[in-house]
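Enquirer: I have a structure here, written as structure tokens, and I will follow up with some questions on it.
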Amino acid sequence: MESFNVVETLQPAERALFWVGALITASLALYVVYKTITGFRIWVLGNGDLLSPKLGKWAVVTGATDGIGKSYAEELARRGFSMMLISRSQEKLDDVAKSLESTYKVETKTIAVDFSQIDVYPKIEKGLAGLEIGILVNNVGISYSYPEFFLHIPDLENFITTMINVNITSVCQMTRLVLPRMEARAKGVILNISSASGMFPVPLLTIYSSTKAFVDFFSRGLQTEYKCKGIIIQSVLPFFVATKMTKIRKPTLDKPTPERYVAAELNTVGLQDQTNGYFPHAVMGWVTTILAPIDLVLNLGLRMNKAQRGGYLRRRKLR
């Protein structure tokens with residue numbers, strides 16, 4: 001009995017379509033398998049002991065006294081790094097430094113500066129002199145007090161300057177100070193904390209969103225420049241984390257504590273040049289940038305932020 005071959009019964013045009021469909025199906029299947037394996041490596045296996053003082057004795061964290069920055073300092077100290085903490089309040093810096101020394105038995109140093117001022121970098125450069133820096137976490141950043149239309153932002157001229165100095169200039173200048181010695185030793189890690197707000201425009205948070213898009217592009221460009229020299233530069237784009245800045249008090253699965261977020265994010269270093277840092281955030285990033293049309297994302301953002309703006313102004317009777 002002769003075997004029946006479906007392909008041979010098709011007309012030439014139908015046969016071509018059949019093979020195109022088969023090729024597309026096979027490609028999609030391979031893509032799913034690849035992404036599954038890659039995801040397992042990133043979110044389950046992690047990067048092992050990549051982040052250790054073998055990179056360099058010291059880790060530097062800006063904005064190190066609260067939220068995500070403080071959690072980076074704690075986690076890196078737990079891994080054995082001596083910590084250089086840079087933030088505005090010397091009192092808060094001293095409190096965090098004492099806690100790290102007591103809990104993790106590591107050496108600490110502090111530099112108190114206001115990153116909204118552009119004349120602070122000679123002081124920072126002097127404080128960093130002679131340190132073997134393995135990791136730099138560019139975390140310091142500011143956002144809006146509440147969502148607002150561009151022309152209605154109080155003290156707009158100063159707001160623009162301050163936002164750029166803290167969110168953009170600090171990243172560039174700190175990288176300028178630290179990267180040369182990393183390049184000379186052919187190893188080092190720079191983590192630039194951007195935001196999911198930098199993945200797409202966010203109406204009523206437009207300046208903040210734009211500064212975070214800069215941080216993302218800056219990080220990815222530098223990684224391409226310096227990856228071949230043994231240096232890792234990663235763009236980190238978290239969604240909401242339960243911190244003072246976000247005003248989220250109760251953590252949830254999609255709004256984790258900073259400790260939980262940082263522990264997850266550090267496992268992605270060396271595996272992703274651009275990361276949302278935390279699996280639920282990675283899913284949210286895929287939905288907002290790949291699945292959902294950008295116009296829908298923009299309109300939803302506008303509606304949500306207008307509602308938050310209205311609530312803020314009503315509470316303060318400013319509307």
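Any Cβ shown, glycine's included, is placed from N, Cα and C.
Annotation comment: Swiss-Prot describes Y208 as active site, proton acceptor, evidence class sequence analysis. If you look up Swiss-Prot, you'll see 56-85 marked as NADP(+) binding site, on the strength of similarity to another entry. According to Swiss-Prot, the feature substrate binding site maps to S195, an assignment based on similarity to another entry. Summarising the annotation, Swiss-Prot assigns transmembrane segment to 17-37, 188-208, 282-302 and lists sequence analysis as the type of evidence.
Are these features on the surface or tucked inside, and what touches them?
Expert: Long-range Cβ contacts of Y208 (active site, proton acceptor) within its own chain (separation 6+, distance under 8 Å): I142, S143, Y144, M163, N167, S195, S197, V202.
Other C-beta atoms found within 10 angstroms of the C-beta of V60 (NADP(+) binding site) number 29, with every protein chain shown included.
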Enquirer: Pick the one among the binding-site residues G56, G80 whose Cβ has the fewest other Cβ atoms within 10 Å in this structure.
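Expert: Counting other Cβ atoms within 10 Å of each of the binding-site residues G56, G80 gives the minimum at G80.
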Enquirer: Can you tell me whether DSSP puts G80 (NADP(+) binding site) in helix, strand or coil?
Expert: coil
Enquirer: Under DSSP, is V60 (NADP(+) binding site) part of a helix or a strand, or is it coil?
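Expert: Reduced to three states, the DSSP call for V60 (NADP(+) binding site) is strand.
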Enquirer: Under 8 Å between C-beta atoms and at least six apart in sequence, can you list the same-chain neighbours of A64 (NADP(+) binding site), or say none if there are none?
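Expert: The answer is K70, Y72, A73, M83, L85, I86, S87, L93, V96, N139.
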